[in-house]
Every structure is written in C-alpha cells, then in structure tokens.
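Features of the protein shown, as given by Swiss-Prot:
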type	residues	note
BINDING	C25, C61, C90	[4Fe-4S] cluster 1 binding site
BINDING	C157, C161, C164	[4Fe-4S] cluster 2 binding site
DOMAIN	16-126	domain 'MTTase N-terminal'
DOMAIN	143-381	domain 'Radical SAM core'
DOMAIN	384-449	domain 'TRAM'
Amino acid sequence: MAHPVMTFDKPSSASPKISFVSLGCPKALVDSERIITRLRAEGYELTKSHRGADAVIVNTCGFLDSAKAESLAAIGEAAAENGKIIVTGCMGAEPESLQTAYPDLFAITGPQAYESVMEAVHAAIAPPDNPFTELVPPQGIKLTPRHYAYLKISEGCNNRCSFCIIPHLRGDLVSRPIGEILQEAEKLVSAGVKEILVVSQDTSAYGVDLKYAETLYGDRTLRSKFIDLARELGSLGVWVRLHYIYPYPHVDAVLDLMAEGKILPYLDIPFQHASRNVLRAMRRPGDQEKTLSRIEEWRKLCPDLTLRSTFIVGFPGETEDDFQILLDWLSEAKLDRVGAFKYEPVADAPANDLDLTPVAPEVQTRRYQRFMEHQQKISARRLREKIGKHVSVIIDEASPKAAIGRTKGDAPSIDGKVHITTHRPLRVGDIVKVKIEAADAYDLHGKAV
C-alpha cells in the first residue's frame, strides 16, 4: 500500500527537492518517517513532483510478489520522469533483481539503511549550506495524522516461518534500548499524540536479543523486556496498542495491564491457521486447542478484549479437511477482527522446498471466499453485542454534526470504524463516549453522549 507523503513549505527557493514514495506496512512507514526527518533536518524540500525533483526515493515492500510488483511499478513511474532514483526498503535487500529490471538506478540500499540513503541523497544533490533544523519537530516528522503514531521497537525476527522471508530481508531480531523507545514515546505524547501503535516484526520477543538487559532511565532501573516496556508505555496516559504479537507463553502477562486499563485491550496475533498439519508445514505453533483455552482465559481476565488475527488459506498441502478444521476453529475462537490472504509463493521462502502439493488457484479463491463469509458472520455477531453500550471512541474525522472514529478495539486502516452523530462539535483526536445504536458487518453506528 502506498502511503501519502506530505509536502512542506519551502525553507528557501534554492533548496534541493526530493520526491518520496513510501510503500508497505506500518514498519516501513516508520522507516520513511526517519528518512524524511533527516532530509528536512538537512534542509531538503519534499515535493510531490518526480519530474521537478533533484532525486526520488522509493521505499519498497518485498514481502509478497504482489507487493514487489507494486514496488517495481512505482520505481518505473519515477524512472520515467527522473534520472536519479534511490531505492530502499525490503526490495533493496535483493539488488540484483532491481538492477535487472532497472539498470540505471542511481542507488540501491537495503531496509533500515538510513545512513546509506542519506549518502546516496548527498551524492545526487548536496544539502544546502544553511539547513532549517528548526522546521523539524522534536518528535520527528510523522506521516500519520497528528493524533496517532507508530512506534517501532525492534527490527528483524528470530522465527523461521516457512512462508516468510523477513529474516532474509531484515535479519534477526535487534531490539532498541528501552530508554530510547521511551524517550521517543514521551516526545510523541508531548507533541499531542493520543494513540501509540507499537510495531515490529515480532513485538512480544522484544528484549530477547538484549538478554533483558537492565538500563538506568532517569532514577529508575528498567529491564529491556516486553512486559516491562508495555508497563512503562502504559504509564504515559495515552492509548497504547500492541501489534504483531507472536503467541509466546509470556504474552499472557500483558492481559493484567489490559484489565487495569494501562494499555488497550487489543491483541493483534497472526495465528495463520488451525490445522496441525498446515501449522507444522508453516513452522508455526501447532496446538490450537491450547490456543483456544488461552483465548478463553484471556477473556476471563479482560472481558473487553478485542482479538485481531490474520490467516493464510491455500497453503501448499492444505486439504479440504485442513480447511474445515480452520473454519471450525474460527467458530470456537470467535475472533473480533480477522484478515486473510491467499498463499503466494515467495522467492527464497523455505515453503518452496517443502515438496507439498500446491493448492490450485481456483480452490484458493473458493476457500478464501468461504473463509471471509464465515468470519464475517462471527465478526458481525461480536459487533452486535456492543449495541446499547457506551464505548470510548477516538475521533479520526469530524464535521459539524457527524464524525468517524475508532473504539479501543479498532486500529487505523485495518479494522472497523464508528460512525457518530453529534449535537456538539468534535475535533480530530478527541476521545469521547459514544452510545452504540447499530452495527453492520464491520462498523458501528452511534451517538456522542
């Protein structure tokens, strides 16, 4: 998905101009924000025009072949209008394929290679002598609306799921120091951010590579550990939402913080499948009966918990029995928010070497449709249970007599919305109480109280 990149007032008519294209997930968006912050700190101007820019940066996604195709198309569009194209991001980890498609690229860097990107920019067009560093806010430049922001806590992943090439592209887990994360979070809160969305490739593994090292932060000693980080973020007085949670046993401990209202009662856990056979082939945890028991315990500890997950249908070797196990599991789990993907073979993924029978594309499509229809009914029932309740909603869009927002159970872009009628003006970023009056397949409807 392409993320719009804002433009800024010119610091000087002579300022060098950079056009920027940001593709991919929220983790890639954070990388784009860091690069753009550096550009602005050095006095570069951002422009929407490839043709009028001194160079173009394309931050690519390479997780799936469809994402690679989108990235290549974006590079092609830029190359048609500009001779200095700098490619970074996940596709940059495989420069040979990029050079084959576009041999005249100015520079290629890998993911999170911020210094290499800036070196390429300097080679393309030198920065001005008098940068306007005062134009850069303390929290850095964000590409999200002012009231929420993504906070990336680590890079890479130690898991080796057979369908995934993230470790190949971004390496093993590298956690940021806990003090550095908290400093960034505090700057975001000071800048008016009302919701922090915690992201990484494997959020619940935070600190494993650091061996949970202790750090002096202010007058406190903090451990670089998932639960400790969650507790500290939960003390900042804003909404804190956890994404990309691998279901390790220690995740259970975070439910206490949710029940206490410290962090949002929301878990984004990609379960991926429910059949033991398929999960084994995926190299994922395979005891979904135990997972059902954990979900039941989580909901006892935190009755307001929202569970979001993603699944892959049509994985090589998936039989009709395997798929039915998945549907039956969904009926028991009663997850609130669910997304699904049809399996795509990805170059260099271990799944390519499993010697399993591919699922025919037409079978994949039918199973995907059945999956979505099945889960839609479950999600709709879960939403109808909220009718008549008063819920907290953060406002994303506002007009004089109406607004659109999200509950604590809804992340931006991927989950549902609340359509609100109101007799008083609401502002973007407000957190208000709304009485839910109706629900449809994905969204809620209510009145501000």
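Quick reminder: no glycine exception, Cβ is built from N, Cα and C everywhere.
The structure, with features from Swiss-Prot marked on it.
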{"residue": "C25", "record": "[4Fe-4S] cluster 1 binding site", "Cβ contacts under 8 Å, 6 or more apart": "C61, F63, V199"}
{"residue": "C90", "record": "[4Fe-4S] cluster 1 binding site", "Cβ contacts under 8 Å, 6 or more apart": "G24, A28, T60, C61, G62, F63, P111, L169, R170"}
{"residue": "C157", "record": "[4Fe-4S] cluster 2 binding site", "Cβ contacts under 8 Å, 6 or more apart": "C164, I166, P167, R170, D172, L173, Q201, D202, A205"}
{"residue": "C161", "record": "[4Fe-4S] cluster 2 binding site", "Cβ contacts under 8 Å, 6 or more apart": "Q272, M282, R283, R284"}
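Over the domain 'MTTase N-terminal' (16-126), the average per-residue pLDDT in this prediction is 92. Helix first, then strand, then coil: DSSP counts for the domain 'MTTase N-terminal' (16-126) stand at 53 helix, 23 strand, 35 coil.
Taken through DSSP, the domain 'TRAM' (384-449) splits into 1 helix, 34 strand, 31 coil. Apart from C25, C61, C90, the residues listed for [4Fe-4S] cluster 1, the same chain places the Cβ atoms of L23, G24, K27, A28, T60, G62, F63, A67, G89 within 8 Å of the centroid of those Cβ atoms.
In this structure, C164 is the one among the binding-site residues C61, C164 with the smallest number of other Cβ atoms inside 10 Å of its Cβ. For the [4Fe-4S] cluster 2 site, the Cβ centre of C157, C161, C164 serves as reference, and the other residues of the chain with Cβ at most 8 Å from it are N159, R160, F163, I165, I166, P167, Q201.
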